[in-house]
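Here the structure is laid out as structure tokens; the discussion comes afterwards.
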Amino acid sequence: MSFVDEAKIHVKGGKGGDGCVSFRREKFIEFGGPDGGNGGNGGSVIFVASSAVNTLLYFRYNQHIRAENGKAGSGKGKFGAAGRNRVVEVPVGTQLYDEDGNTLIADLNNIGQQYTVAAGGRGGIGNAQYKSSTNRAPTYFTYGTLGEEHCVLLKLKIVSDVGIIGMPNAGKSSLLSRCTASKTKVSDYPFTTLEPHLGVAYANGCELVLADIPGLIENASSGAGLGHKFLKHIERCVILLHLVDCSLPDIVSAYELVRQELKLHSQELTGKQEVVILNKCDLLSEGEVREKQKLLESSTKKEVITLSMGDELDSLIVFLHAQVKKAVVTEPSDTSFDPFLYVHYNKK
């Protein structure tokens, strides 16, 4: 299945049903009076964040989303039926922008979170509602109003506890496969991973969602390699798990290159808590591994964990789970986006 993380769509709420002009017609009742009912409201287009979908692939083949129109009113005071809402599931982490992609409309980053993208029109009023002491037989009514209609740009930023980052071929996909049941493609050449992968790891009662982010190379923040397309997915990770290939001749440069690309993409990324792992240590002797570990710790001023292919991973998962909980508690709340200040288009 293709990983689609952007889509431009057209949404339209249902038109309200028209009001009705009708008069009561029964035997022996000469002046029955008006009995035209109101029209039903049009349905709305509603997006719901769901864990059942992972990409925006649905919108590649369904670029026009519209809700049902309301039904017209009828005689005998019958109101028209309301149009059914069009409820569409989107992945958790979906952001809605205006057509130009400049204004954020909604950010659906919690399961079950809803947003009405295009409200339905109001139903028209039947002539029965216009009856008064001075007008016993009104013959006028109102038409139902049109539903809202917009072009919307959808962008997906996957949500995970841990984002696994590093240079191409650093062993990110292998680690994800070992920690979880994710069947990611693994091979000994760069850019094996062409799209983000999610997996859930369990150990000693701890549950952890990990994301394998495609490898970053120099100038990734400017679009080189696969960086420009996938750097944005790191923004939603609580902490970063930075893998460095132990077999590289210059591990410090490899580490700093990835950190630099994160900084160029967004200054906030460099502020995220980071766990550094020296991977593929089984390819070197213990002495060489110890030497490179000290070198990387001296450069990063962080504790560096060593990892080999045959190592047991439960303790690592428990450790990462504790770091995630700590980061969630200490992380300042994001005040840059207020859900009560969502842009809500006016009806046309």
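Just so it is clear, glycine is given a Cβ too, placed from its N, Cα and C backbone atoms.
Going by Swiss-Prot, these are the annotated features:
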BINDING   166-173, 191-195, 212-215, 279-282, 310-312  GTP binding site
BINDING   Ser173, Thr193  Mg(2+) binding site
DOMAIN    1-159  domain 'Obg'
DOMAIN    160-329  domain 'OBG-type G'
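In this structure the C-alpha atoms belonging to Pro214 (GTP binding site) and Ser173 (Mg(2+) binding site) are separated by 9 Å. Classification of Asn169 (GTP binding site) by DSSP places it in coil, neither helical nor stranded.
Cβ neighbour count for Gly310 (GTP binding site): 6 (other Cβ atoms within 10 Å of its Cβ, all protein chains included). Lys280 (GTP binding site) sits 13 Å from Ser173 (Mg(2+) binding site), taking the Cα positions as reference.
In the three-state DSSP reading, Gly310 (GTP binding site) counts as coil.
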